[in-house]
Amino acid sequence: MTVTTQPSCADGRAARPARAVLRDSLTVGVGVGVSGVAFGAAGAGAHLTVAQTCALSLLVFTGASQFALVAALAAGAAPVAAVAGALFLGIRNAFYGMRLAERLRLPVALRPLAAQLVIDETAAVTLAQPDRRAARLGFTATGVCLFALWNLTTLLGALGAGAVGDPARYGLDAAGPAVFLALLAPRLRDPRERRVAVAAVVLVLAGTPLLPTGVPVLLALAAVPLAAVPLVGPAGRGRSGR
């Protein structure tokens, strides 16, 4: 009797067929890419031109930072404060990049291009793959699909919002904050993360009537050190296993 064994990787996981990797990549790329419509509308709500909105998607290409930027601008924040908040959110991509560089081992000439595609979604798909071949395919397929669709839907959203006049009349100015919260909420799984988020909200709300526009957003950074404080109570004991 002939026994057929499935190829395995160095870490013991079974190798994945290219079709399965592409399926995952396209699912993520299409599922997230269509939300570029909301960003295009949010850009119009922040009184950015179509060209400015599309330039953000082309050059920045990291949804949370883009939504944070236009939400801050729509709220009347100073451009410097809005950019600072967006940059702070984008720091995580640098850590993704270090992890993905080890995983992908791309040629030096390709690394600058690949860096533009390092975001939450490409990192998630890439790191879920069992071997370098599948990781490279997943990274490339997810990144290209998402980049193309995100920019196309950004253009459509900006043009559509511009065609109806003042976006605030239709509530489109709320698209940025709403989608930003939708992106943030699923990431608050850890009690420490929720504690930091709640403290940041309290600081912003407390500072809004007292400080110049845009400064309360930066004040929220003071909540970050809470992430280093050990949890007390059942949640902390459950995590420590003691």
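Any Cβ shown, glycine's included, is placed from N, Cα and C.
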26-47, 92-113, 202-223 - the one TrEMBL records as transmembrane segment: 26-47
Beyond the flanks of the transmembrane segment (137-164) by 6 or more, those residues with Cβ under 8 Å of it: 18, 21-22, 24-26, 28-30, 32-45, 48, 50, 53-54, 56-58, 61, 63, 100, 104, 114, 116-117, 119, 121-122, 125-126, 128-129, 170, 172
